[in-house]
Amino acid sequence: MSEVPVARVWLVLLLLTVQVGVTAGAPWQCAPCSAEKLALCPPVSASCSEVTRSAGCGCCPMCALPLGAACGVATARCARGLSCRALPGEQQPLHALTRGQGACVQESDASAPHAAEAGSPESPESTEITEEELLDNFHLMAPSEEDHSILWDAISTYDGSKALHVTNIKKWKEPCRIELYRVVESLAKAQETSGEEISKFYLPNCNKNGFYHSRQCETSMDGEAGLCWCVYPWNGKRIPGSPEIRGDPNCQIYFNVQN
């Protein structure tokens with residue numbers, strides 16, 4: 001049986017999770033908050049100095065996060081004047097933010113260009129791009145007054161970003177990094193199509209070398225935990241016999257069995 005290209009597999013997954021919305025021109029909208037959902041919200045502490053809602057599609061008001069607090073797609077928003085960013089040196093910034101492993105920093109610090117790294121600069125002809133560069137160019141940060149989540153801010157600014165200077169991703173050798181770029185590119189293009197509403201999506205979980213972590217999970221914006229599954233690190237294809245569950249599928253067990 002011939003192998004199905006990874007990009008095609010992702011396209012199928014995206015089509016399965018895209019639903020046609022009813023509001024033209026607003027493709028990145030969360031599902032409406034029903035009275036039942038709002039009734040289940042816990043009260044906000046009286047000591048809270050700034051009330052906001054969660055950064056994802058949660059319905060409950062939350063206390064805005066202070067400077068230095070952990071943050072991400074599904075957490076409360078950072079307080080006014082702060083932005084949620086991946087920690088310095090984070091090898092998987094996009095994935096870290098979907099897991100709530102970012103931190104609230106001053107907006108001035110978040111928008112400042114990174115200091116040059118020690119060592120030799122990359123060749124100007126290089127078409128390599130790291131996940132950290134993706135984070136910087138997609139501006140993965142959201143002030144507390146924004147209506148969209150951190151991740152939607154990233155996707156909405158992607159198409160207009162001219163800082164990537166990517167000329168030919170076919171020259172890239174890292175399969176997960178290639179898929180990550182294509183996923184975000186496809187989501188950005190989907191935003192241009194009015195009426196689309198995405199509540200679940202998949203961002204490849206890449207290691208620092210651009211290959212796949214054995215556990216891959218979808219990200220859910222509807223409050224429900226996303227599905228996780230196991231893949232081979234070198235090509236991202238499902239490990240036969242491994243489960244697809246909402247939780248930890250213990251991929252190392254299945255990986256060891258296959259090897």
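Cβ from N, Cα, C; glycine included.
In Swiss-Prot, the cysteine linked to C78 by a disulfide bond, out of C48, C57, C104, is C104. For the residues S47, S111, S199, Swiss-Prot attaches the annotation phosphoserine to S199, which does not rule out the feature elsewhere. When Swiss-Prot is consulted, the disulfide partner of C228, picked from C217, C230, turns out to be C217. It is C33, among the disulfide-bonded residues C33, C217, whose Cβ has the fewest other Cβ atoms within 10 Å in the structure shown. C41 (disulfide bond) and C59 (disulfide bond) have their C-alpha atoms 8 Å apart, to the nearest angstrom. Each residue contributes its Cα atom, and for C230 (disulfide bond) and C206 (disulfide bond) those atoms are 13 Å apart. With all protein chains in the displayed structure included, the most crowded Cβ environment within 10 Å among the disulfide-bonded residues C48, C59, C78, C206, C228 is that of C78.
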